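Look at TrEMBL and you will find 49-485 tagged as domain 'Major facilitator superfamily (MFS) profile'. Residues or ranges marked as transmembrane segment in TrEMBL: 104-123, 130-155, 161-178, 190-208, 220-239, 299-320, 336-357, 364-386, 392-412, 424-440, 460-482.
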Amino acid sequence: MPLCYYRQHLQKKRERQVFAAPPEEMGLSSSSITKDPPATPSWFTPERLLILFCVINMINYVDRGVIASNGVNGSIRTCDDKGICTSGSGIQGEFDLTNFQDGLLSSAFMVGLLVASPIFASLTKSHHPFRLIGVGLSVWTLAAAGCGGAFSFWFIAICRMLVGVGEASFISLAAPFIDDSAPVSQKTAWLAMFYMCIPTGIAVGYVYGGFVGSQFNWRYAFWGEALLMLPFAVFGFAFEPLQLKDSEASKLHDNILVGADSMSVDELKKTSKSVNIHNMLNQFSQFAEDMKALLVDKVYAVNIFGYIAYNFVIGAYSYWGPKAGYNIYHMENADMMFGGITIVCGILGTLSGGFILDRLSASIYKAFILLSGATCLGAIFCFLAFCLRSLYGFIVFFALGEFFVFATQAPVNYVSLHCVKPSLRPLSMAISTVSIHIFGDVPSSPLIGVLQDNINNWRASALILTSILFLAAGIWFIGVSLHSDDASNDRSESQVCTVTVDNGTPLLYGNGDESSYEA
């Protein structure tokens, strides 16, 4: 007997023992044994799902721009040689923070993000991913409102951590949903549209935070964010949830429903409880196995190491950029200037990276070539920009540098999604998020703050920071020489032998893009 048929036989035997009596005793027809997947709610077309996730991602990164904007972040109290002092402004002035403490605020939300991301990724195997997103966005909304009502440095720091907890549920799960629903020939382009919201959101946050902080008060900027996110938090609970492709929670749910018609409510509750206990006992061992599979994957490791070095620079740019520009080139509207450059170049660069990789027939090998080349060009232009004395020369070269730097957003996440099996994608994205933050932008903002406190030269600090982009380009170039098969279509973990027919339709149309029949 072939192995797949043997596994199928054992699986059916376990289902009869645990979930229901044999079909003949239940009076079920043979057609009821194989249950068709539930129809996808008509509202969830792929395009609408992409727009929904893009808007949520935009609000997430608007928050990053707000906390970094001069209008909200403010400035510290200063005194001149004559003893004449000027009061500080914004968060830094109100709580009298040093540059190091100020840098910690930008990184505080990462603590919650790092802790919660693997947890949410693991819970996708036993809970609806869409419901997990709803829980996370609810936490995010409450935490953002708490930032606006902060009365001390430690209170706002804790609220920033909770913002990270809320964001963790979304960051780990949104990319796999988009990869499932996108047309095959446009997967990288769709990811580019999603990750385009990173530079755009940060830039909008600069402008929004600067305007609200100068016209009203920095606290109103956070309250406005909370109001914007509230409808999406409710949305996560109000609509019928979707399931990820190859979701363990979905498989378990379908198995329970097979014999549900013949079971009493009490029996069904007891059965569900026993299954949940069994899942909890196996959860830690399964998580360890999944982590081992990721860590021994050379392609995944090289991609993440390059992403860490890259994110170290981008994180510090996003936080200290307006302040460095103000001090080096005496920009009167540094928030507006950096915001405008980041919006235009971030959108064009991110979309270009995704569309170019799709036109090249996307593969992991080609993604690494694009990653190393674009990052190297971006590093050259950004480095030259900070060497120039002219403001206009800086704007031109820095804009070109940002264009190439942001072209990496879609390819790097394409590699993270396609170098692992489908069941590992949420954990892959979670560990990627954890790694790039805990080793990247979490330490970069306070470290650059310490560097600036010691050398007191923003131009030198910016050049030292920018040089790290060359390291990122070198690491990604190593990935070009690695053997890199696309594992995203691996079905070897399936316990049922199936014949799969791909009709080319995205996942969310009808009942999905695949029709499976028992062999």
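Using the three backbone atoms N, Cα and C, a Cβ is placed for every residue, glycine included.
Long-range contacts of the transmembrane segment (161-178) within its own chain (CB-CB distance under 8 A, at least 6 residues past either end) are made by residues 49-50, 53, 56-57, 60, 63, 108-117, 119-121, 124, 129, 132-133, 135-144, 146-147, 190-191, 194, 242, 244-245, 413, 416-417, 425-427, 429-430, 433. The stretch in closest packing with the transmembrane segment (220-239), judged by the count of Cβ pairs under 8 Å and taken from 130-155, 190-208, 364-386, 424-440, is 130-155. Relative to the transmembrane segment (104-123), the listed stretch 424-440 leads the set 130-155, 299-320, 392-412, 424-440, 460-482 in CB pairs under 8 A.
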